[in-house]
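Worksheet: the structure to be examined is printed underneath.
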Amino acid sequence: MAALWTLSLLLSACLFWPACLALTPPAELPQPHNLPPSLGFNSSDGSLSVDLPMALRVFSVDYHHVQAPFEIVLWIMLASLAKLGFHWSGRVPAVVPESCLLIMVGLLVGGVIYGVRHSAPPTLSADAFFLFLLPPIVLDAGYFLPGKLFFENLGTILWYAVLGTLWNVLGIGLSLYGVCLLAPSSLGDISLLHCLLFGSLIAAVDPVAVLSVFQEMHVNDQLHILVFGESLLNDAVTVVLYKLFESFLRLPSVSGLDVLLGGCRVLVVGLGGLFVGLFFGLVAALTSRFTSRAQVIAPLFVFLYSYLSYLTSEMLHLSGIMAIVTCAVTMKQYVEANVSERSKTSIQYFLKMWSSVSETLIFIFLGVSTIQDVHMWSWSFVCSTLLLCLIWRATGVLLLTAVVNKLRRNTVTFRDQFIIAYGGLRGAICFSLVFLIDDFPKKRLFITTTIVVILFTVFVQGMTIKPLVELLDVKRKKRALPTVSEEIHSRLIDHLLAGIEDVVGYWGQHYWKDKFEQFNKKYLRRFLIRDDHQAPSSILRVYQELERRDQRGDEEAPPLVDTRSDSRPLLPEEMDSIRRILSRNLQNFNNKQTRAYSRHTLHQDATMDRTRKPLHRHQSLGERYTFNTQGEDGEFSGSRRGRAGLSRSHTGTVKDI
């Protein structure tokens, strides 16, 4: 632990060294590497002459040649070591969220840089945030989005994200304008449009801050998907409203027609981003169909098409967040059906690593950028903003939930409503948007107020939300993986509900889900998935997915065998069965032909080889079977004495299911 913090301090010193170089006089700075040290106008008539060096240099330093990539690598290394030290700091992660510690590290680094240079440290530009750091986080959230839960709660999520955001923006903006009218001496030069613009950015619930806190608490699936989905789509709405009010500020006057056109623009931006993401998602799925002979580059298309959808939307002034989320959700099932198991693992780990590095850099630069010379303080404006953010979010959640609970079968409880309202954390999105505001006398006040709101929500609300979840006894997430029987019964219930809705003539979510599944199976899967990867049945696909989870050893998966059960010695017939199975499997393994190596193709996975028989596995001792041999093929039949249900570790082939 001490070694990690020592490395962090050394990297901080490396970051301060360029700052010290920047203070040296220009004559002492090293010259560019491609020019001789004595190149210049040395002749009396001003002509160019070259003086040869007196001796060959054995050692030289050319920092400016590698300055940009060198500093980027140092920042990433500092952020990664700080995160690593956080997870090795004993009981600190159980009390302090990771985002809080990273912001404190950024504040420390920014303070030291300010003390060395006597000027403001480097800030995180809005372009760097929106073009390089935000897309990996949104892509990771969209790709691993629980599709079934998300679409089952889509109406509630849109209800919170659209109407709830409008409620917060208009409520905070109009209330702040009233505060400004009450203090004309200090806040009289802030107009109504400026208050609405500030309300649109301060209402942005940051998914980076929300995810970093909620993933550590393991709340129930419904609460997690409501807060996560609302924060994800809330950003798209707030960015659109921010750009709309920014356009209104640049007009000489705003008429009713401008407001109507602004509403149409909001719809065009949101729906345009959705269709752009849908297009690139289908193209990515179609491209992955032809990667069987070059599996090494298959994961690359997931990142390229997703990022291209985001950049295309930003180029067309559409919602890039909507585009990249739609692209990730669209292509996931088709891409994973086309690529190999190793490619799936590569995609998953790279997405997690990429988003984790982006989150770490965002929080560290959030702390570094807080040390500035541009702060302006107003007690009335700052305190009113902080109080209004809490009041309007709480009232919005209560009112909107009271309406939506009348339409939901599984109502949102009051405890969940409190966590939803209290979990409205602000982060880097509103911090980046406030720096994009055109210069006017109170811009520095907006920046200071935004920083105070971010620090309050991340530190106070982020550190107290976990004790509140435990105090209110909020339902936690089920940690166990579903069994095959649970998956089959869940699908059976979905089919029954879809049939009932079809019979009674009610077009509900199960009816449309069943229609989409039929369309997907009849057209999309045949066109976007290779023929040799078409699963013969949905039950078999469920079994294969559960087998993959079992083989990967998911972190949240409990052990399949009850370790508390008493061990017993092996019976003679069990020893014979194990020897027979091992000899059979070793013989099949030795007879397997190894494919020729190609640097463009990965080795074929065992799970993708349909022709080879699967290896037989012995029953788990903790499940207490009785075995009877059946011939020389090594297959056994037994009556199960333990818990009822279908086991994924059953001896035999997939056909036995």
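Heads up, the Cβ atoms here are built off N, Cα and C, so glycines get one too.
The signal peptide annotation in TrEMBL covers 1-22.
For 77-470, the entry in TrEMBL reads domain 'Cation/H+ exchanger transmembrane'.
The annotation transmembrane segment is assigned in TrEMBL to 94-116 (among others).
Among the features that TrEMBL reports, transmembrane segment is placed at 128-145 (among others).
Under the heading transmembrane segment, TrEMBL lists 157-179 (among others). Remote same-chain residues near the transmembrane segment (157-179) are listed as 150, 187, 190, 192, 195-200, 202-203, 225-226, 229-230, 232-234, 236-238, 241, 380-381, 384-385, 388-389, 392-393, 395-397, 399-400, 403-404, 420 (criterion: CB distance under 8 Å, separation of at least six residues from the stretch ends).
Annotation comment: TrEMBL describes 191-213 (among others) as transmembrane segment.
The transmembrane segment feature in TrEMBL is assigned to 225-245 (among others).
Taken from TrEMBL, the feature transmembrane segment applies to 265-287 (among others).
Residues or ranges marked as transmembrane segment in TrEMBL: 347-371 (among others).
Sequence annotations record features per position, and here TrEMBL assigns transmembrane segment to 377-405 (among others). Same-chain neighbours of the transmembrane segment (377-405): 155-156, 159-160, 163-164, 167-168, 171-172, 175-176, 179-180, 182-183, 186-187, 202-203, 411-412, 417, 420-421, 424, 426, 445, 448-449, 452-453, 456-457, counting only residues six or more beyond its ends whose CB sits under 8 Å from a CB of the stretch.
If you look up TrEMBL, you'll see 417-437 (among others) marked as transmembrane segment.
Outside the transmembrane segment (449-469), and at least 6 residues removed from its termini, the chain residues within Cβ reach (under 8 Å) are 95-97, 99-100, 103, 198, 201-202, 209, 213, 216-217, 219, 366, 370, 375, 381-382, 385-386, 389, 418-419, 422-427, 430-431, 434. Residues annotated as transmembrane segment in TrEMBL: 449-469 (among others).
Under the heading region 'Disordered', TrEMBL lists 548-568 (among others).
TrEMBL lists 566-621 with the feature domain 'Sodium/hydrogen exchanger regulatory region'.
Summarising the annotation, TrEMBL assigns region 'Disordered' to 628-657 (among others).
Contact between the transmembrane segment (94-116) and the transmembrane segment (347-371) is supported by 3 or more Cβ pairs under 8 Å, counting only residues 6 or more apart in sequence. Per-residue pLDDT, averaged over the domain 'Sodium/hydrogen exchanger regulatory region' (566-621), rounds to 53. Contact between the transmembrane segment (347-371) and the transmembrane segment (265-287) is absent: fewer than three CB pairs lie under 8 Å, with pairs separated by 6 or more positions in sequence. Listed by sequence, the residues of this chain that lie at least six past the ends of the transmembrane segment (225-245) yet keep a Cβ under 8 A from its Cβ atoms are 138, 141-142, 146, 149-150, 153-154, 156-158, 160-162, 164-166, 169, 193, 196-197, 200-201, 203-207, 210-211, 214, 262, 265-266, 269-270, 273, 317, 319, 321-322, 325, 412, 416, 419-420, 423, 429-430, 433. Within the same chain, residues 236-237, 240-241, 243-244, 301-302, 305-306, 308-309, 312-313, 316-331, 334-335, 338, 527-529 sit at least 6 positions outside the transmembrane segment (265-287) and bring their C-beta atoms closer than 8 Å to a C-beta of that stretch.
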